[in-house]
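As structure tokens, the structure follows; a few thoughts come after it.
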């Protein structure tokens, strides 16, 4: 099973769009889009990872 990943190298960003493309984090929390998820990844110092695309 290939690991799913998201490139968060351009983050954090000060503001995210309201675009809804959900991702499920390793914390079992649904993030509304890549920007929200990547900001959380940066805040977690890389401990948060992508579980899968779509809602948890």
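Glycine is no exception: its Cβ is also placed from the backbone N, Cα and C atoms.
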**Request:** Write down the residue from 28, 45 that Swiss-Prot flags as N-linked glycosylation site.
**Result:** 45
**Entry from the disulfide-bonded residues list 8, 24, 35, 38, 56 having the most other CB atoms no farther than 10 A** = 38
**Message:** Tell me the Cα distance separating residue 35 (disulfide bond) from residue 8 (disulfide bond), rounded to the nearest angstrom.
**Reply:** 8
